[in-house]
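Report on the structure given below.
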Amino acid sequence: MSYLSRSALARSVGAKHLTGVLRKIGRRGGRSMHVLPLASPSTLLKISSQTLRQDFTVLGARNFHSSSVRLNELTDNLRKLDTIEREVEDVDVCIVGAGPAGLSAAIRIKQQAAKANRDIRVVVLEKAAEPGNHSVSGAVIQPTALDELLPNWRDDPPENCTAVTHDKMKFLIPKLHFPIPVPPAMKNHGNYVMSLAEFTRWLAAKAEEYGVEIYPSFAASEVLYNKDGSVIGVATNDFGVDSKGLPKDNFERGMAFHAPVTLFAEGAHGSLSKSIIKRFNLRGNCEPQTYGLGVKEVWRVPDENFRKGEVAHTLGWPMRNDTYGGGFMYQFGDNYVTVGLVVGLDYPNPYVSPALEFQRMKQNPFFAKVLKGGKCLEYAARALNEGGYQAIPKLVFPGGALIGCSAGFVNVAKIKGTHTAMKSGIVAADAIVDAFGRDAASKPLLLNDYEENLKNTYVFKELYSVRNIRPSFHSFLGNYGGMAYSAVEAYVLKGRVPWTLKHKGGDAKATKSASKYKPINYPKPDNVLSFDIPTSVSRSATMHAENQPCHLFDHRPKDRKSCFETYKGVENKFCPAGVYEYVNDEASSYGKRFVINSQNCVHCKTCDIKDPLQGIQWKTPQGGDGPKYTLT
């Protein structure tokens, strides 16, 4: 008999229909129900008495539009929906996020449970329409954790996986580039270039082979708590809600997933992870996280320009001396070139646009000669952790733990975080299986073993050894001072010093008044190497359902005038997707009206991080919405 996994079912009929299917076919009546009989989507829809969603809008290179609903009205209406009872699905382990960390944890739990002859049900909730659709990285992957998790992975590697052949390092000025030594931490012998989106899809398929249940288009939007304050699970957001927060004809309440342990693997600055960190004061003994914004494109280039396996990084232009960042260009697969720029979000100048800095960076001959004659296929942007050792929060709390970039394990010196994220998932999984062996797991688990054991792995050792590199760029010497200190650290000190440098204290606070700077006149795109933001965002395949609540909450209505006058529209500059803009409005006291084009959001989280007033709040939109990355 043929079977359809729950993950495939969710993809076939849409997330909102799975609740009804599970309810009517028979939800978790027993632990053996890991697969459902194979049927056509239409048959399954008859079972659930639902209809497929038809309300998507695809963003192209077109004029932006936005709805304007009063935040108070929307909040009041959504609050009323919270009184409606949710369907509850009881599982053993709930993982929020089907990225490398979450999937590694899921696979490891299944592996270790099988060895111990236990049945542990693992459910992974993913807000994207498919695993990998929201995954963005360079990516050059160090296979340390992958070798541990799946020792034979090279026999069936991810698509376009390419062994690194050689490294390059360049210092750029506007029209020239100069070779500089490759630091030891950035030498990539034994590593692999690949698309993180493709890698994540591949890893998700491996997880399903182990019996992991992956539910794509399930956007976890709320953490659920017991009466004693411990985490009992999460709830997904509601379907069929209009822009005013009122139920539509196809309304369906979100689903609750209860578990003795919930792992948060949302990636950098996840919305639920942010709330967990605040509620349990997990940053009480560490510094605030600092972030970078990575903006990238994937190109296909002519044979004569292509050097398969080459990994290149750049310093210098277009970054100013007070702005941390650098470029990269990786060549992999079938003539694919991934080119990008990471800009530290602690930059002070509100006129800086990371997305436009990236576009003009490609005009440097170092990049232009490779991209010439090629075709830009995809565009992506995502915030990444740069705080390192100093910014790691407490990882555990009653009923759950933070893993991967939800905690922040990126090694800035290596420009890598996938291997450390995966290792954190592996260590958390081992702690969970051990806890299930000691306990019936009928109550929330406290995974203290996970945190203690992770501190004894290469994850913490790596981050400790390079802890001073990123904050060294904060001195009055700026990037030049940071590069000099980093060279001494890399070749001489190697982290063996009695001091630990500090970060600035938050990226939002680093933003200075526009009065201290001159506006930046970025060159117009040539539509050959450089492109405008609407064209770029169209290459992210971003989709959002029409007539749903705006997932970007602006809590600053009384402060918008002062914010604009002080920072001159910084929101429009830091957003890489054209979500925020100030349009002329004679009726306004300052001649402008703040507009949120939420349908263009690529889920990078920059607004929630960089807004100087910390009044913009990013929340999960309807499940399955957002970008549809395939090669990023």
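Cβ coordinates are placed from backbone N, Cα and C, and glycine is handled just like the others.
Swiss-Prot lists 93-107 with the feature FAD binding site, giving sequence analysis as the kind of evidence. According to Swiss-Prot, the feature [4Fe-4S] cluster binding site maps to C575, C601, C604, C607. Taken from Swiss-Prot, the feature domain '4Fe-4S ferredoxin-type' applies to 592-621.
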Item to check | Other residues, Cβ within 8 Å of C575, C601, C604, C607 Cβ centroid ([4Fe-4S] cluster site) | outcome: A381, L552, F574, P576, A577, V579, Y580, V602, H603, K605, T606, W618
Next on the checklist: Please identify, among the binding-site residues C575, C601, C604, C607, the one with the smallest Cα-Cα distance to G99 (FAD binding site).
Outcome noted: C604
Item to check | All-chain count of other Cβ atoms within 10 Å of L103 (FAD binding site) | outcome: 31
Checklist entry - According to DSSP, how is the domain '4Fe-4S ferredoxin-type' (592-621) divided among helix, strand and coil residues? => result 8 helix, 8 strand, 14 coil
Next on the checklist: Using other CB atoms within 10 angstroms as the count, which residue among the binding-site residues A101, I107 scores least?
Outcome noted: I107
Next on the checklist: On average, what pLDDT score does this prediction assign to the domain '4Fe-4S ferredoxin-type' (592-621)?
Outcome noted: 97
Next on the checklist: Spatially, which candidate from the binding-site residues V93, I95, G97, A101, L103 is nearest to C575 ([4Fe-4S] cluster binding site), comparing Cα atoms?
Outcome noted: G97
Checklist entry - In DSSP terms, helix, strand or coil for G99 (FAD binding site)? => result coil
Checklist entry - Who sits close to C607 ([4Fe-4S] cluster binding site): which same-chain residues at least 6 apart have their Cβ under 8 Å from its Cβ? => result L552, E571, F574, C575, V579, Y580, I616, W618
Checklist entry - Cα of G97 (FAD binding site) to Cα of C604 ([4Fe-4S] cluster binding site): how many Å, rounded? => result 15
Checklist entry - For C604 ([4Fe-4S] cluster binding site), which of the binding-site residues V93, A101, L103 has the nearest Cα in space? => result A101
Checklist outcome for this item: Taking only the CA atoms, the spacing between A105 (FAD binding site) and C601 ([4Fe-4S] cluster binding site), expressed in whole angstrom, is 29
Checklist entry - Across all chains shown, how many C-beta atoms besides its own are within 10 angstroms of the C-beta of I95 (FAD binding site)? => result 37
Checklist entry - Given A101 (FAD binding site) and C601 ([4Fe-4S] cluster binding site), what distance in Å do their CA atoms have, once rounded to a whole number? => result 24
Next on the checklist: Among V93, A105, C575, C601, C604, the binding-site residues in question, whose Cβ has the most other Cβ atoms within 10 Å in this structure?
Outcome noted: A105
Checklist entry - Which of the three DSSP-derived classes (helix, strand, coil) applies to I107 (FAD binding site)? => result helix
